[in-house]
Amino acid sequence: MNSLLMITACLVLIGTVWAKKDGYLVDKTGCKKTCYKLGENDFCNRECKWKHIGGSYGYCYGFGCYCEGMSDSTPTWPLPNKRCGKK
């Protein structure tokens, strides 16, 4: 029983360490980072792969840069308690 509990705890820990998130990049005003060329987009891909973002791939979806594989600390749209362009 103890070994089963220990294995479960290890799996949960591994999942949280390797967890990556997907979402829309936000600019300094809290809005989605805008793009116009839908689908594969060099601008979005470059923005997502920046060192402080840590994403693995980015593309334009719904006129916003959508990133995959970002670190959990990267803010994504919508920001809690903040509307786009409002304080």
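Any Cβ shown, glycine's included, is placed from N, Cα and C.
Straight from Swiss-Prot, the features:
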| type | residues | note |
| --- | --- | --- |
| SIGNAL | 1-19 | signal peptide |
| DOMAIN | 20-85 | domain 'LCN-type CS-alpha/beta' |
| DISULFID | CYS31-CYS84 | disulfide bond |
| DISULFID | CYS35-CYS60 | disulfide bond |
| DISULFID | CYS44-CYS65 | disulfide bond |
| DISULFID | CYS48-CYS67 | disulfide bond |
| MOD_RES | CYS84 | cysteine amide |
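Mapped onto this structure are the features recorded in Swiss-Prot.
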| residue | record | DSSP class |
| --- | --- | --- |
| CYS31 | disulfide bond | coil |
| CYS44 | disulfide bond | helix |
| CYS60 | disulfide bond | strand |
| CYS65 | disulfide bond | strand |
| CYS84 | disulfide bond | coil |
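Closest by Cα distance to CYS31 (disulfide bond), from the disulfide-bonded residues CYS44, CYS48, CYS60, CYS65, CYS67, is CYS65. Separating the Cα atoms of CYS60 (disulfide bond) and CYS48 (disulfide bond) is a whole-number distance of 11 Å. Across the residues of the domain 'LCN-type CS-alpha/beta' (20-85), the predicted structure has a mean pLDDT of 91. Taking each Cβ in turn and tallying the other Cβ atoms within 10 Å, the top scorer among the disulfide-bonded residues CYS35, CYS44 is CYS44.
Cβ packing within 10 Å was compared across the disulfide-bonded residues CYS31, CYS48, CYS60, CYS65, CYS84, and the lowest neighbour count falls to CYS84.
Within the same chain, residues at least 6 positions away in sequence whose Cβ sits under 8 Å from that of CYS67 (disulfide bond) are ASP22, GLY23, TYR24, LEU25, CYS44, GLU47, CYS48, ILE53, GLY55, TYR57, GLY58, THR74, THR76.
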